[in-house]
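Encoded as structure tokens, the structure appears first; notes follow it.
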Amino acid sequence: MAERYYTVSWDQLHRDSKALAWRLVERGPFHGIVAITRGGLIPAAIVARELEARLIETVSVVTYNEEQRGQPAVVKPPAAAIAGAGEGWLIVDDLVDTGTTARVVRALLPKAHFATVYAKPKGRPLVDTFVTEVSQDTWILFPWDTEAQFVAPIARSGQR
Ligand SMILES: O=P(O)(O)OC[C@H]1O[C@H](OP(=O)(O)OP(=O)(O)O)[C@H](O)[C@@H]1O
Ligand SMILES: O=c1[nH]c(=O)c2nc[nH]c2[nH]1
Ligand SMILES: [Mg+2]
């Protein structure tokens with residue numbers, strides 16, 4: 001289990017993904033975007049809207065089952081139409097953690113520009129552009145993985 005959690009709301013994700021788009025607009029134009037499913041899909045949609053990108057491809061790499069990491073498996077490789085080792089393409093994922101997923105996708109599209117919204121120190125060297133760094137022992141909680149629930153008053157928690 002992670003030592004701490006960094007909770008991201010829909011609003012914050014939208015704001016951070018737009019901040020990523022601001023950084024990327026200087027690096028384009030791009031032929032299109034390759035979203036790493038599933039986590040990269042929503043940041044990719046927000047970035048695509050800001051960069052006016054209409055061509056969106058996907059790559060699917062499965063590595064985690066909840067917080068347990070396994071061997072990465074490429075469930076869906078990049079479309080054959082992405083030529084030139086991905087040169088001029090933008091890859092978008094929600095985050096880079098150990099860098100396992102990024103390493104696999106970079107091997108498939110070595111010339112593409114790799115962008116994530118969040119980065120942890122181990123994966124950071126694999127990313128060309130990102131917005132916010134969190135510590136390695138932090139688990140980022142995305143809005144699609146969470147829901148609001150009742151929390152007991154502080155006075156009842158026994159931690160005063
Ligand atoms: O740098 P890493 O250690 O590889 O971790 C980062 C990857 O892990 C998560 O995806 P996950 O494999 O959980 O799949 P999902 O996007 O479908 O949730 C996240 O969306 C990144 O793609
Ligand atoms: O929701 C997630 N939060 C994380 O911090 C993380 N790291 C790898 N995969 C992850 N998924
Ligand atoms: Mg993912």
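Cβ atoms here come from the backbone N, Cα and C positions, even for glycine.
Quick look at what TrEMBL lists:
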{"type": "BINDING", "residues": "ARG38, GLY39, ASP93, ASP94, LEU95, VAL96, ASP97, THR98, GLY99, THR100, THR101", "note": "5-phospho-alpha-D-ribose 1-diphosphate binding site"}
{"type": "BINDING", "residues": "ASP94", "note": "Mg(2+) binding site"}
{"type": "BINDING", "residues": "ASP97, ILE140", "note": "guanine binding site"}
{"type": "BINDING", "residues": "ASP97, THR98, GLY99, THR100, THR101, TRP139, ILE140", "note": "GMP binding site"}
{"type": "BINDING", "residues": "ASP97, ILE140", "note": "xanthine binding site"}
{"type": "DOMAIN", "residues": "9-149", "note": "domain 'Phosphoribosyltransferase'"}
| note | Neighbours of TRP139 (GMP binding site) among binding-site residues ASP94, ASP97, THR101 (C-alpha cutoff 10 angstroms), in sequence order, are ASP97
| Which binding-site residues from the list ASP93, ASP94, ASP97, GLY99, TRP139, ILE140 come close to ligand 2, meaning a Cβ under 6 Å from one of its atoms? | ASP97, TRP139, ILE140
| query | Rounded to a whole number, how many Å is the Cα of THR100 (GMP binding site) away from the Cα of ARG38 (5-phospho-alpha-D-ribose 1-diphosphate binding site)? | reply | 15
| task | Just name the winner among LEU95, ILE140 (the binding-site residues) by count of other CB atoms within 10 A of its CB. | result | LEU95
| task | Sort THR100 (GMP binding site) into helix, strand or coil using the DSSP assignment. | result | helix
| field | ARG38 (5-phospho-alpha-D-ribose 1-diphosphate binding site): nearby binding-site residues from ASP94, THR98, ILE140, Cα cut-off 10 Å | value | ASP94
